[in-house]
């Protein structure tokens, strides 16, 4: 969710008789391309989890004619929400204040998905599809957790004024 530059907040300072203004958004950051790629990985992993979970629910209902369980349905719902909201965030430029909240909420939702997947399908006697779904839920959680840390750091950095050094005019 941290596409583009950080918030453009001007910071003014007075030294002697010279006033300087700097903007934190003007600084180049190496994290933005990395986070863009990480957001794409989160979206792709949630699409993969969505596909595997939907296929398994369909197969379970087809052969057993029963309810597959709440854990896989929870993982499917979180994957659907992530695909939808991340697709919107790719198209719309996110607001800096809401990016942290969005990433924090979805990282906790994916953390619960990782716990459900690890409890249900960590044995070696399950199909490889379940292990793949477990791995991609972890990738989605890790990406969102890193995005949350970056959004918090970006807000913290915008709140702290920069130091500028200028020569006093005599």
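Placement of Cβ uses the backbone N, Cα and C atoms for every residue, glycine included.
TrEMBL annotations: computationally assigned, not manually curated.
As annotated by TrEMBL, compositional bias 'Low complexity' applies to 1-23.
Look at TrEMBL and you will find 35-149 tagged as domain 'MARVEL'.
Sequence annotations record features per position, and here TrEMBL assigns region 'Disordered' to 1-25.
Same-chain residues lying 6 or more positions outside the transmembrane segment (30-52) and placing a CB less than 8 Å from one of its CB atoms are 1-5, 75-76, 78-80, 82-83, 86-87, 89-90, 113, 129-130, 132-133, 136-137, 139-140, 143-144, 146-147, 150. Under the heading transmembrane segment, TrEMBL lists 30-52 (among others).
Long-range contacts of the transmembrane segment (72-92) within its own chain (CB-CB distance under 8 A, at least 6 residues past either end) are made by residues 1, 3, 39, 42-43, 46-47, 49-50, 53-54, 56-57, 102, 106, 109-110, 112-113, 116-117, 120, 133, 137, 140. What TrEMBL lists as transmembrane segment is 72-92 (among others).
Sequence-distant contacts of the transmembrane segment (98-118) (same chain, at least 6 residues past either end, Cβ-Cβ under 8 Å): 1-2, 49, 71, 74-75, 78-79, 81-82, 85, 89, 130, 133-134, 137-138, 140-141, 144-145, 147-148, 151-152, 154-155. According to TrEMBL, the feature transmembrane segment maps to 98-118 (among others).
The annotation transmembrane segment is assigned in TrEMBL to 130-153 (among others).
Across the range of the domain 'MARVEL' (35-149), the DSSP-based residue counts are 100 helix, 0 strand, 15 coil.
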